[in-house]
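Report on one structure; see the data block that follows.
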Amino acid sequence: MKFTKMHGLGNDFAVVAEFSSVPERIAELAVAVCDRHFGAGADGLVLILPSNKADFQMRIFNADGTEPEQCGNAVRCVGKYVYDHGLTDRTEITVETGAGVQRLQLETRDGKVTRVTVDMGLPILQGLLIPTDVDAEQVVAAPLRVDGEEYRYTAVSMGNPHVVLFVDSLADVDLHGIGPKIETHERFPRKANVEFVQVHAQNEVTMHVWERGVGETLACGSGACAVGVAGVLEGRTSREVTVHLKGGDLLIRWDENDGRVYMTGPAVSVYDAVWNG
Ligand SMILES: N[C@H](CCC[C@H](N)C(=O)O)C(=O)O
């Protein structure tokens with residue numbers, strides 16, 4: 001199986017475009033390919049497939065083999081892959097994902113994609129649809145008890161569930177301690193991605209992320225979108241915000257006219273390889 005190692009701000013993927021449908025035992029393949037020691041090493045395995053609803057279809061599998069509905073950093077890599085490999089010559093394309101059909105705007109230099117703007121769609125805010133076990137129109141600055149301590153969180157789905165917690169200082173957060181406990185908290189029936197956020201200004205935050213099914217990653221595109229929405233809902237940030245992640249920056253805009261969330265960021269291709277597993 002040929003694959004291309006790609007990343008969006010260090011959130012890295014093995015991208016495979018040779019299948020016409022999802023192969024058998026894909027979860028096992030994802031776990032094996034993503035293993036950092038016994039495999040190629042990646043946060044996820046991404047398949048680029050044909051679609052009858054969009055120009056292409058993306059299926060993504062986390063390092064633990066689970067299949068999320070959405071992945072912002074991966075869809076930017078898909079946009080880069082299909083243009084750079086001549087599968088399209090258009091710089092405006094559509095990609096079918098588990099969160100719906102997403103529109104991508106590709107920025108190119110010397111015939112290669114450097115940055116991508118993705119219409120990540122409408123955020124889902126109803127508690128039971130995120131999903132959480134909270135039956136409310138929105139879950140904003142809600143209490144959450146973990147190990148006897150009370151946290152405040154805002155829940156947002158971008159197709160995949162996110163729990164956003166604003167803190168005074170990220171230096172005080174034990175992400176590897178508290179992250180998995182919130183990820184698997186009973187409040188979140190399909191688990192959750194966990195984003196801790198420090199606000200620097202109305203249009204600038206720093207975010208650290210513990211991803212569902214992966215663990216800490218250097219960046220999370222859908223998570224940054226959820227942070228952009230949660231910041232507005234909690235009255236902490238404006239509708240356009242630069243999100244600093246360990247792997248770099250994303251620009252997020254929650255458009256006040258169409259209510260959709262737009263994410264702009266880079267996509268990088270590292271190497272091509274053959275999987276012998
Ligand atoms: N682990 C996530 C999927 C990948 C999301 C992230 N890598 C992104 O860029 O959006 C989940 O289970 O929902």
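Using the three backbone atoms N, Cα and C, a Cβ is placed for every residue, glycine included.
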Of the candidates Asn52, Asn193, Asn257, which one does TrEMBL list alongside Asn11, Asn62, Gly72, Asn73, Asn160, Glu211, Arg212, Gly221, Ser222 as binding substrate?
Asn193
What does DSSP call Asn11 (substrate binding site) in the simple three-state scheme?
strand
Taking DSSP as the reference, which of helix, strand or coil describes Gly221 (substrate binding site)?
helix
Enumerate the residues of the same chain, Asn11, Asn62, Gly72, Asn73, Asn160, Asn193, Glu211, Arg212, Gly221, Ser222 excluded, that satisfy the criterion Cβ within 8 A of the mean position of the Cβ atoms of the recorded substrate site; list them in sequence order.
Pro68, Gln70, Cys71, Ala74, Val209, Val214, Thr217, Cys220, Gly223
